[in-house]
């Protein structure tokens with residue numbers, strides 16, 4: 001009865017949090033459990049969307065938008081294309097090795113239990129609404145931080161991208177000669 | 001600070017050099033760029049300070065490590081002379097990526113903010129994923145690259161999760177801005193510490209996060225295997241040291257048992273696993289795991305000496321590894337079987353008869369890796385054991401000594417093979433640059449074996 | 001780099017050239033390189049001497065920091081002071097002469113280049129030994145000369161008994177070296193440093209008879225016993241005569257064997273602090289002197305006689321040190337270096353002339369055939385017998401005077417030894433150079449004087465044997481004792497710890513009497529030898545026909561046999577036991593077991609390497625979970641239980 005009482009007293013925000021969390025977990029589980037890769041990708045898009053909803057709840061609108069545009073939009077579409085191009089639908093490898101599945105579940109469960117327990121045992125800091133800066137998480141604040149305090153990492157990310165880009169070009173370019181095994 | 005700028009700019013320049021018709025210019029230009037970076041490293045000598053809102057910490061210690069990293073890169077790149085002869089090769093991209101990767105390595109040895117650490121690790125790792133698959137026609141290389149990438153991504157996730165937890169517990173990314181010993185947020189902090197350490201231990205190939213090592217080392221082109229086992233390791237250990245000695249030094253009671261267990265595991269898996277390997281590169285991969293164990297030992301000691309020991313160990317290990325892989329590259333260049341470069345141990349059969357110089361280089365490298373006195377490797381192990389002894393971890397030291405005894409067995413395998421007789425000898429050509437590099441690494445190994453204080457007295 | 005560092009550098013370069021270029025560089029270059037290296041060292045020594053004399057201060061020349069372990073800092077530094085400069089003169093001077101001599105002596109040997117390389121290496125090690133500014137460098141030199149000695153004794157390695165002799169020398173030296181090494185460790189423990197200057201400075205603050213100093217000095221002396229062939233570690237030296245004669249002259253007479261004395265004089269402060277050790281040293285010296293002299297009486301091998309004579313003379317030096325007459329002991333080192341090198345080189349010349357015959361019962365009447373050798377040999381004989389005014393007289397007399405003051409019984413024994421010395425040396429001389437030739441016809445036809453490269457060193461050394469004693473006149477002659485004055489600063493520390501040090505209580509008349517007595521004894525010995533071997537022309541007997549005490553002496557008191565029974569046999573038995581029982585049955589099992597275990601674990605650890613990425617990631621995740629449990633499992637469980645307990649209450 002106590003649980004029911006708690007549910008009744010949930011605020012709007014809490015309601016949306018739980019709803020979105022259920023969606024996220026559902027999407028994540030669907031991603032790894034569905035046998036059809038295309039379904040997997042769609043589940044993943046769903047996960048990203050619900051994660052973006054979490055960001056909104058956390059007052060990080062910019063991050064939410066970027067998450068949708070870049071991950072759900074660009075990257076996942078690319079994923080879909082690749083999956084469709086390769087047409088690996090028929091030869092999707094069966095998770096035939098039950099031992100590994102069982103092992104993985106046990107291990108994942110253990111880690112999950114430990115992490116949940118650890119987080120439950122920690123007193124989480126509550127935010128004081130009266131002093132809360134509404135602008136936290138806005139693109140303006142973020143931009144100011146990126147161009148002042150985090151300027152160096154921000155610039156150096158470009159080196160990372162450059163490596164990724166030229167690496168992709170290098171690996172992707174066609175090469176003469178035989179393939180060796 | 002300056003080498004980061006210099007290397008980023010010259011990396012770009014190298015990419016542009018790729019447009020030129022004359023591909024021969026890329027190699028000397030890249031070496032020149034690396035030398036420039038080396039020179040710029042010393043601008044800040046004796047001028048310690050913090051840069052960009054405490055993002056980077058520059059002092060003489062970090063400059064010494066910059067120099068070690070850049071010099072190692074130069075020595076390794078020296079073996080790629082003649083690379084452009086292959087019509088399908090894209091030298092500009094390779095050399096550019098090498099220079100960019102050094103930016104990452106430099107960030108890892110001089111970061112002050114965890115974001116810089118993360119970026120550094122990522123820059124270095126992504127470069128390594130690409131370079132592992134650089135030989136595109138070698139399907140084993142492709143497999144290794146993909147494997148490395150998948151597992152590396154997994155480790156990155158763990159690392160990032162750890163950093164997030166750390167931020168949650170402390171509200172800062174700066175290391176050393178306070179010593180945390182727990183309190184209300186201790187679980188967050190502990191998870192953060194554990195996950196960050198795991199992420200970094202993966203990069204330095206400490207057991208049980210070593211599983212990628214043998215496959216990736218074997219699949220990657222030898223020159224990048226050498227790069228991986230020296231530069232990534234040096235940078236990784238300095239980063240580990242920086243994190244453990246500043247932010248997490250208050251948590252020593254928490255993490256030392258974990259590190260001690262991983263040392264034991266790395267030593268056992270590395271040394272015992274190497275015993276039966278027939279492929280020289282796999283042997284070196286297991287050896288690299290065991291050396292990760294030895295270097296972790298230094299972290300268990302008191303922090304006063306640990307950095308010096310890590311520095312000494314990484315220098316002697318780098319020298320010996322470059323020698324060993326260099327000899328492998330030179331000898332295997334002529335031996336291509338079934339389209340693949342032949343890299344088994346018995347490649348060295350009859351080497352002493354065939355080419356005494358190469359055999360000497362190989363033997364001294366192996367002796368140094370095994371830690372025989374009068375080579376640098378001996379003192380490397382000596383310092384590490386001494387550090388560990390200062391913290392009273394005698395069971396780990398006994399383990400380490402036993403494992404070094406096993407190590408002698410497998411390091412002597414190539415040595416004995418190289419001394420054995422062989423009837424048919426093929427001619428081996430060494431270009432002068434490679435000869436020069438061998439001379440440096442071998443001479444350095446011996447000099448450090450006789451006068452270790454030359455280097456040890458730096459800090 | 002300063003001049004000082006050049007002194008050992010030249011022989012090292014010589015060694016590298018001759019050693020690395022062995023068999024490649026022509027014979028004509030080998031000898032000039034080898035001799036030149038020694039000569040350049042000698043010239044540099046002279047220059048350094050003037051540099052040192054100019055300001056008279058001890059020069060410490062640090063080269064680099066060498067070992068820093070914890071608080072212990074050992075630098076690689078050279079020290080030039082009165083003691084090391086004299087040793088440098090002996091080593092490079094006599095060394096140069098012997099290098100020159102070797103040019104002629106070894107000219108027919110196929111290992112010519114190797115020989116010069118070893119000689120240069122020996123010079124280098126010996127110079128390190130005497131120039132080092134701390135005990136560790138001394139130890140390196142100590143080991144280095146031991147190695148060279150081993151290499152040179154077994155130089156003619158085609159003969160297995162020579163190899164055995166080399167091994168014997170090496171093993172006996174190792175026994176001593178162990179003592180020396182323990183001594184070094186004790187010094188580190190006591191003083192925390194190995195630098196001479198700071199050790200001796202700290203030692204001056206200690207009490208006489210300090211027990212840990214006694215252990216230190218005792219252990220160091222064990223090292224000296226091995227290197228300087230004292231009882232019980234002396235039997236290697238006579239066997240070491242298997243090496244080429246120049247080696248016997250340089251290493252086993254003039255330089256290496258005196259390093260024990262050098263070490264004691266160097267550490268004189270420590271020894272002065274420990275009268276018990278000194279007493280022990282004095283008695284060991286006395287016994288050695290007497291024992292070796294008595295064995296020498298009936299030896300027929302020319303080099304063996306000289307070898308036992310060397311052992312006995314070394315005994316005299318240690319007697320001198322034992323009675324705190326450091327200068328006298330060291331004086332004898334100097335004069336002995338001259339006349340013993342001369343005698344050995346002379347013996348070499350005789351052997352050369354006799355077509356490699358070493359048995360004096362086959363010689364005789366050589367005086368007329370090889371005049372230069374004979375004359376110089378006679379000078380050496382007179383010098384060692386202690387007849388004035390040759391070098392040996394001054395140094396030996398000084399030692400004996402100090403011994404007389406210290407202990408009359410010891411003095412009496414030393415006098416007996418001294419008498420025997422004169423007797424066997426003149427016996428050797430008369431049997432070799434006078435009377436009728438007893439060898440074969442072929443040998444007689446072949447008799448010839450040695451080439452000038454061999455006779456020049458003989459003449460130079462003969463000159464030095466005559467005048468060498470004049471650097472230390474006895475007080476009663478009212479002439480300055482140059483050596484004592486020169487060495488005096490070395491004993492500042494000893495004077496500080498023992499106010500009695502260096503005071504002589506003997507009256508002049510006693511001293512005159514002692515001197516006269518010892519000269520008389522030597523003259524009597526000369527007369528007896530002349531009577532037996534010249535007048536009556538007694539032939540040296542074949543050792544197998546000797547009887548009674550003579551047989552015991554000729555067979556060296558059966559010491560080798562005794563050692564064989566006392567040490568070698570039990571060790572062999574034990575090693576047999578260890579081999580057949582412990583090694584075969586226990587250790588092999590363990591070793592094989594380790595190997596089996598390793599390969600089992602190896603199979604397990606490589607089994608992890610399936611190649612499947614998914615499996616790898618699973619293993620990693622397991623590891624993560626295990627580490628999390630390891631790190632935080634107990635805390636989490638604790639907290640949950642405490643919450644649970646709180647709720648149930």
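In case you wondered, yes, glycine gets a Cβ from its N, Cα and C as well.
Because TrEMBL annotations are produced automatically, they should be read as predictions rather than curated entries.
TrEMBL lists C:66-116 with the feature domain 'NADH-Ubiquinone oxidoreductase (complex I) chain 5 N-terminal'.
Residues annotated as transmembrane segment in TrEMBL: C:86-103 (among others). Beyond its flanks by at least six residues, the transmembrane segment (C:86-103) meets 7, 31, 34-35, 38-39, 41-42, 45, 48-49, 115-116, 119, 123, 126-127, 130-131, 244, 246, 249-250, 254-255, 262, 330, 333-334, 337-338, 341, 345, 348, 453-454, 456-458, 460-461, 486-487 of its own chain at Cβ-Cβ distances under 8 Å.
Residues or ranges marked as domain 'NADH:quinone oxidoreductase/Mrp antiporter transmembrane' in TrEMBL: C:134-421.
For C:139-157 (among others), the entry in TrEMBL reads transmembrane segment. Outside the transmembrane segment (C:139-157) by six or more residues, the chain places 111, 114-115, 118-119, 121-122, 124-130, 132, 163, 165-167, 169-170, 173-174, 177, 180-181, 184, 223, 227, 239-240, 242-244, 247, 251-252, 255-256, 259 with a CB less than 8 A from a CB of the stretch.
Annotation source TrEMBL lists transmembrane segment at C:169-188 (among others).
As annotated by TrEMBL, transmembrane segment applies to C:208-226 (among others).
Outside the transmembrane segment (C:247-265) by six or more residues, the chain places 83, 87, 90-91, 94-95, 98, 101, 119, 122, 126, 129-130, 138, 141-142, 145, 148-149, 152-153, 155, 220-221, 223-225, 227-230, 237, 240-241, 271, 281, 303, 306-307, 310, 314, 317-318, 321, 326, 329-330, 333, 336-337, 340-341, 343-345, 348, 490 with a CB less than 8 A from a CB of the stretch. Taken from TrEMBL, the feature transmembrane segment covers C:247-265 (among others).
Residues or ranges marked as transmembrane segment in TrEMBL: C:305-324 (among others).
Taken from TrEMBL, the feature transmembrane segment covers C:330-351 (among others).
Sequence-distant neighbours of the transmembrane segment (C:372-391) (same chain, 6+ residues past either end, Cβ-Cβ under 8 Å): 309, 313, 335-336, 338-340, 342-343, 346-347, 349-350, 353, 366, 397, 418, 421-422, 425-426, 428-429, 432-433, 449-450, 455, 458-459, 461-462, 464-470, 518-519, 522-523, 525-526. What TrEMBL lists as transmembrane segment is C:372-391 (among others).
Marked as transmembrane segment by TrEMBL: C:411-433 (among others). For the transmembrane segment (C:411-433), same-chain residues at least 6 beyond its ends with a Cβ under 8 Å from one of its own Cβ atoms are 286, 289-290, 293-294, 296-297, 299, 302, 305-306, 309, 312-313, 315-316, 319, 350, 360-361, 363-367, 374, 377-378, 381, 384-387, 396, 399-400, 403-404, 517-518, 521-522, 524-526, 528-530, 532-534, 540.
Residues 94, 97-98, 100-101, 104-105, 327, 331, 334-335, 338-339, 341-342, 345-346, 348-349, 352, 372-373, 375-376, 379-380, 383, 389-395, 398, 479-484 of the same chain, all 6+ positions outside the transmembrane segment (C:454-473), place their C-beta atoms under 8 angstroms from a C-beta of that stretch. Marked as transmembrane segment by TrEMBL: C:454-473 (among others).
Away from its own ends, the transmembrane segment (C:512-534) comes close to residues 385-388, 393, 396-397, 400-401, 404, 415, 418-423, 426-427, 430-431, 434-435, 474, 476, 506 of its chain (Cβ-Cβ under 8 Å, at least six residues beyond either end). Taken from TrEMBL, the feature transmembrane segment applies to C:512-534 (among others).
Look at TrEMBL and you will find C:613-632 (among others) tagged as transmembrane segment.
Residue counts for the domain 'NADH-Ubiquinone oxidoreductase (complex I) chain 5 N-terminal' (C:66-116) under DSSP, helix first, then strand, then coil, are 29 helix, 13 strand, 9 coil. Within the chain, the transmembrane segment (C:208-226) has long-range Cβ neighbours (under 8 A, six or more residues past its boundaries) at 142, 172-183, 186-187, 190, 232-233, 259-261, 263-264, 267, 270-277, 280-281, 284, 318, 497-498.
Long-range Cβ contacts of the transmembrane segment (C:169-188) within its own chain (Cβ-Cβ under 8 Å, at least 6 residues beyond either end) map to 72, 135-136, 139, 142-143, 146, 149-150, 153, 194, 199, 212, 215-227, 233, 235-237, 239-240.
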